[in-house]
Amino acid sequence: MHTERYEDMAYSRLIPNQLHVDIFVLKILLNSNSFTVIRDDAFAGLFHLEYLFIEGNKIETISRNAFRGLRDLTHLSLANNHIKALPRDVFSDLDSLIELDLRGNKFECDCKAKWLYLWLKMTNSTVSDVLCIGPPEYQEKKLNDVTSFDYECTTTDFVVHQTLPYQSVSVDTFNSKNDVYVAIAQPSMENCMVLEWDHIEMNFRSYDNITGQSIVGCKAILIEDQVFVVVAQLFGGSHIYRYDESWTKFVKFQDIEVSRISKPNDIELFQIEDETFFVIADSSKAGLSTVYKWNSKGFYSYQSLHEWFRDTDAEFVDIDGKSHLILSSRSQVPIILQWNKSSKKFVPHSDIPNMEDVLAVKSFRVQNGLYLSLTRFIGDSRVMRWNSKQFVEIQALPSRGAMTLQPFSFKENHYLALGSDYTFSQIYQWDKEKQLFKKFKEIYVQAPRSFTAVSTDRRDFFFASSFKGKTKIFEHIVVDLSL
């Protein structure tokens, strides 16, 4: 080690595998040694150090605050070491830096180098070429020649935000007067629990509670300034509640005929030509899946779809500008009904062949494509795409024990949540290049029955209902891999 003294009294100390200098000098040369690490505050107190050369060593790791306090440093050389990455903002204290030499190191030009790439674009210092050893597409290229880190250096994740201490089977969300609400069906507690987003505490809190008997579905309907909730029950008939401003709670508005709906399994809301409808899929052997329509005074039975088919789900979907209903069933393949503009009724149109025993059907769009997810408890669930004539299979997902395969999206990120009674639930993410879903993350939810996306205050969540455990709320976060 060679130093040029700033004062007569000076000394130095070297620690194996660590560099630590506590003298007040202008120049330090630490060349051709065997250092492997430069730790935080290695040059503490050397406020007037101007030249620092650490060349020809075996340095692999440099701590983020290794050069803290060296505000007068003008020349820094880390040439000919074994450096593959530098911690973010490692040069942030070097206000006077004129020249930086990084030759003879081979950097991994991945997301960890993103900050260095941006720093090189902005710094006024003269910096030697930074060569890449990887990834393969950048090998032997200069870091400055990397095209972009924007897509590769961010990913997403789902983390538990809140756990609700009760079971549930379905979750619906709605907005009213600039607030976000969630209606949760709790058959074991005989409740339809309504939660609201607390903008101060940043969590979901109890707002109202609609009681009933074996509630399996709560569906919100907003018409002008009124908020209704359809409460589907296994016993005692189903009902519709309306929010009463004077009582600041939901009160019963009307009943739904028991003779028509005996075992409701799904509620689907939709609009056609500015008219509001909802359909209840009935899964009993003598069930009669029925469409209801709003007539300015209440909801009335508008059309009975078919009976004896044990319908498990109903999905409203626009196909090539025309309104359709898709009904899945335990006793036949899913059928597609098309809205007839003349009769103003749904009429049989086609079916989805070779897909018996489908528990749920959901539609979603990715870019300009229309897709369906079909849930099966036994066998593989399916993802299908509309090809202008029919729905064709593009992907099969192993799904033994699955009760729900729910598509949802947050901005440009598209997902499928596959809930299983026998193992961990699986979240799949859409792969833009392959035009397929790939495994993304496993989450544990006991006996999941639904997944519902909710966005508020620029934050994205999804609710995972649980038939046998606690209801979980996951937050969708963006992770910067360059940090």
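Using the three backbone atoms N, Cα and C, a Cβ is placed for every residue, glycine included.
Given the structure is predicted, the values throughout are model-derived calculations rather than measurements.
Per TrEMBL, domain 'LRRCT' is recorded for 105-154. Positions annotated as repeat 'EAR' by TrEMBL: 157-199, 203-245, 249-296, 298-341, 345-388, 390-432, 436-478.
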Legend entry - Composition by DSSP (helix, strand, coil) of residues within the repeat 'EAR' (436-478): 0 helix, 33 strand, 10 coil
Inset, instruction - List the helix, strand and coil residue totals of the repeat 'EAR' (345-388) as derived from DSSP. - result: 0 helix, 28 strand, 16 coil
Legend entry - Contact call for the repeat 'EAR' (436-478) and the repeat 'EAR' (298-341): at least 3 Cβ pairs under 8 Å, seq gap 6+: no
Legend entry - Summary of DSSP states over the repeat 'EAR' (390-432), given as helix, strand and coil counts: 0 helix, 32 strand, 11 coil
Legend entry - Same-chain residue ranges lying at least 6 outside the repeat 'EAR' (157-199) that approach it to Cβ under 8 Å: 205-220, 222, 227, 229, 231-232, 234, 243, 250, 427, 441, 443, 449-450, 452-457, 461-463, 465-477, 479
Legend entry - Summary of DSSP states over the repeat 'EAR' (249-296), given as helix, strand and coil counts: 0 helix, 32 strand, 16 coil
Inset, instruction - Across the whole of the repeat 'EAR' (157-199), what does the mean pLDDT come to? Round it, please. - result: 96
